[in-house]
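Colleague: Sharing a structure here in structure tokens format.
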Amino acid sequence: MASLLQDRLTTDQDLLLMQEGMLMRKVRSKSWKKLRYFRLQNDGMTVWHARQARSSAKPSFSISDVETVRKGHDSELLRSLAEEFPLEQGFTIVFHGRSSNLDLVANSVEEAQIWMRGLQLLVDLVTSMDEQERLDQWLSDWFQRGDKNQDGRMSFQEVQRLLHLMNVEMDQEYAFSLFQAADTSQSGTLEGEEFVQFYKALTKRAEVQELFESFSADGQKLTLLEFLDFLTEEQKERDCTSDLALELIDRYEPSDSGKLRHVLSLDGFLSYLCSKDGDIFNPACLPVYQDMTQPLSHYFINSSHNTYLVGDQLCGQSSVEGYIRALKRGCRCVEVDVWDGPSGEPIVYHGHTLTSRILFKDVLATVAQYAFQTSDYPVILSLENHCSWEQQQTMAHHLTEILGEQLLSTTLDGLLPTQLPSPEELRRKILVKGKKLETLEEDLEEEEEEEEPEPELEGEEESELVVEPRFGTEPQELSPRSKDKKEKKSRPILCPALSALVVYLKSVSFHSFTHSKENYHFYEMSSFSETKAKRLIKEAGNEFVQHNTWQLSRVYPSGLRTDSSNYNPRELWNAGCQMVAMNMQTAGLEMDICDGLFHQNGSCGYVLKPDFLCDAQSSFHPERPISPFKAQTLLIQVISGQQLPKVDKTKEGSIVDPLVKVQIFGVRPDTTRQETNHVENNGFNPYWGQTLCFRVLVPELTVLRFVVEDYDWKSRNDFIGQYTLPWTCMQQGYRHIHLLSKDGTSLHPASIFVYICIREDLEEVES
């Protein structure tokens with residue numbers, strides 16, 4: 001079980017010093033700064049901490065949970081403490097998902113450098129591991145956990161305890177027979193390689209062996225032609241050639257002799273099934289594969305609501321971290337609520353609430369730094385401008401100075417366009433969405449009018465703005481009319497310098513679809529509350545679809561969602577709404593659907609809408625869909641599960657009773673769910689062998705979510721893991737689904753094994 005990691009742990013000077021441990025200051029806030037003793041464990045995969053060098057330690061974090069390590073200068077919190085601690089001594093550990101960052105301050109610059117270099121080295125090693133290395137590391141972790149007395153070998157008693165930790169309930173006699181078979185040294189204990197053999201016997205996949213033998217003439221290997229038959233008949237690989245089969249054998253067959261003879265062993269076959277090529281998500285959909293030269297209105301755009309918030313909408317913390325996280329996960333439209341701040345500097349926060357404040361210029365600096373780290377396609381700044389004339393001028397200055405060349409401040413060629421530009425044309429550009437004094441035509445003609453129009457500023461989300469509640473009362477929604485009376489006198493006038501920076505995304509009020517068609521231009525767009533958008537879909541769904549073929553629409557969550565909960569974006573996407581803004585800080589089903597859709601196309605934040613949502617004469621109605629294609633039947637055989645994690649890791653003796661739920665989200669008639677029976681006391685290798693059947697009218701708008709739950713007859717089932725993907729990215733055949741946590745992070749090696757079959761209905765269906 002030796003690896004590159006083990007070699008580095010014994011030779012790299014930084015890692016050796018980290019294993020000795022160091023005293024550092026853990027910083028949570030300006031007032032919470034405590035000394036803790038941090039030490040890298042001998043496995044090189046976990047860091048523990050204690051109050052002092054020799055006091056009892058507990059796990060702090062796992063290297064596999066770390067995304068990156070940042071310098072102290074890049075930490076919002078450490079910058080605020082710069083007078084107390086030199087920034088060079090500080091660093092930040094950033095975790096995958098939504099876990100809070102860990103800010104640490106070392107006793108010297110040199111010690112900080114040791115931890116920063118060492119941690120980044122370990123993160124890079126873990127990231128670069130292939131499937132087999134990841135499995136070896138996973139086994140090494142379990143061996144460390146099972147070897148209670150840390151003597152490098154495991155007794156049968158320790159193995160029994162480990163089986164419970166691994167979610168396995170097994171007959172004691174059978175477990176002992178596997179133990180004895182693996183104990184080739186007959187020492188009564190299992191050492192490294194013997195433990196690997198024990199694990200292989202434990203995880204023998206009877207269902208995979210049966211499948212392998214059904215295509216293999218001798219039951220020992222798959223010849224090139226036999227493997228080609230499997231790929232064509234079962235995996236439905238289109239245009240599959242012997243060259244592709246040969247490439248896969250070369251990639252997944254572990255033995256050199258097998259590669260030379262162009263055959264695939266059972267181990268190689270299993271390796272293929274567990275790989276990206278055997279995944280349910282089609283690898284062809286992972287890079288940017290869609291046409292990126294169509295107008296912006298033809299794409300779904302990954303959008304964030306109140307991006308600055310990392311908590312709730314009333315008292316939550318505002319932080320530039322919200323922008324970093326959103327942009328790094330591929331979000332392309334971020335929201336900035338700007339208000340007058342002290343010393344003439346505009347601030348960003350959720351107005352009329354107790355949320356904390358951050359500087360507008362700090363938000364822009366963060367956007368400039370992170371805008372194009374994940375995707376080259378354009379970023380949209382959705383400005384909610386509540387500032388005075390003077391501070392609007394400061395905003396305009398900051399936008400041009402901080403964003404520089406990245407900011408789009410005029411049309412692409414200086415000429416009047418006839419439609420919205422494409423994501424391809426706008427690569428690495430930041431666009432401002434907001435109010436504008438003039439039309440684009442007037443801007444380009446540079447006509448000077450005798451009397452400058454002075455539109456009043458108004459928040460686009462005003463109809464559902466949460467006002468400060470009196471103590472002991474619920475938040476109230478303010479009607480537009482009553483809000484008008486309250487704020488009419490105090491509304492500032494739009495500053496021309498800021499207005500000029502709005503080019504293709506001019507915010508306008510929505511009156512009706514007819515009014516928009518007769519009075520508005522393609523570069524003007526409206527925002528809708530989720531309530532209003534859903535009502536319009538019911539009342540005029542086809543008009544909404546046609547409207548969204550030429551104009552952009554942004555939908556935002558109800559102001560009553562003070563807990564930062566989310567709505568289901570699929571319902572709004574069905575009407576062609578491009579910018580469905582989500583509270584990205586809140587994990588759950590709705591964010592799984594959003595992440596599932598935008599995982600395709602290079603996670604670039606833009607997904608091309610189906611043709612019938614781009615056609616200005618489209619007859620499609622999301623509430624009464626008539627698909628231009630034939631309805632399809634989906635058969636999903638849920639076969640087995642592998643290494644499912646425990647729901648409650650603190651209960652050593654508890655084993656999960658897993659079931660699989662398949663949820664379909666699409667147009668209303670297609671939205672449904674089915675589930676398997678539960679398997680008692682087996683989270684390690686449960687077998688279901690059940691087939692679920694779904695009939696879908698509009699596959700192009702369908703997202704599937706696979707959820708594994710721990711059955712509980714007394715209360716609500718507990719969540720174990722999930723995976724969500726678009727129908728259009730799903731591969732047929734025998735596929736593994738690699739599960740993700742509630743937070744969207746990998747639960748490797750947890751997976752479920754399924755068989756997918758899609759059949760086209762003979763007759764076209766209307767509903």
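Positions of Cβ are set from backbone N, Cα and C atoms, glycine also.
The following feature annotations were taken from TrEMBL:
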type: COMPBIAS; residues: 440-465; note: compositional bias 'Acidic residues'
type: DOMAIN; residues: 16-124; note: domain 'PH'
type: DOMAIN; residues: 134-169; note: domain 'EF-hand'
type: DOMAIN; residues: 170-205; note: domain 'EF-hand'
type: DOMAIN; residues: 498-613; note: domain 'PI-PLC Y-box'
type: DOMAIN; residues: 614-741; note: domain 'C2'
type: REGION; residues: 439-489; note: region 'Disordered'
Colleague: For the domain 'PH' (16-124), DSSP counts of helix, strand and coil?
Modeller: 35 helix, 40 strand, 34 coil
Colleague: Which range wins on Cβ pairs under 8 Å with the domain 'EF-hand' (134-169): 16-124, 498-613, 614-741?
Modeller: 614-741
Colleague: Please list the DSSP helix, strand and coil residue counts for the domain 'C2' (614-741).
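Modeller: Tallied per class, the domain 'C2' (614-741) gives 9 helix, 61 strand, 58 coil.
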Colleague: Need one number: mean pLDDT over the domain 'PH' (16-124).
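Modeller: Average per-residue pLDDT within the domain 'PH' (16-124): 92.
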Colleague: So how many of the residues in the domain 'EF-hand' (170-205) end up helix, strand or coil by DSSP?
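Modeller: Split by secondary structure, the domain 'EF-hand' (170-205) comes out as 22 helix, 1 strand, 13 coil.
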Colleague: How many of the residues that make up the domain 'PI-PLC Y-box' (498-613) does DSSP mark as helix, as strand and as coil?
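Modeller: Helix/strand/coil tally for the domain 'PI-PLC Y-box' (498-613): 50 helix, 23 strand, 43 coil.
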Colleague: Could you give me three numbers for the domain 'EF-hand' (134-169), the DSSP helix, strand and coil residue counts?
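Modeller: So the counts come to 23 helix, 2 strand, 11 coil.
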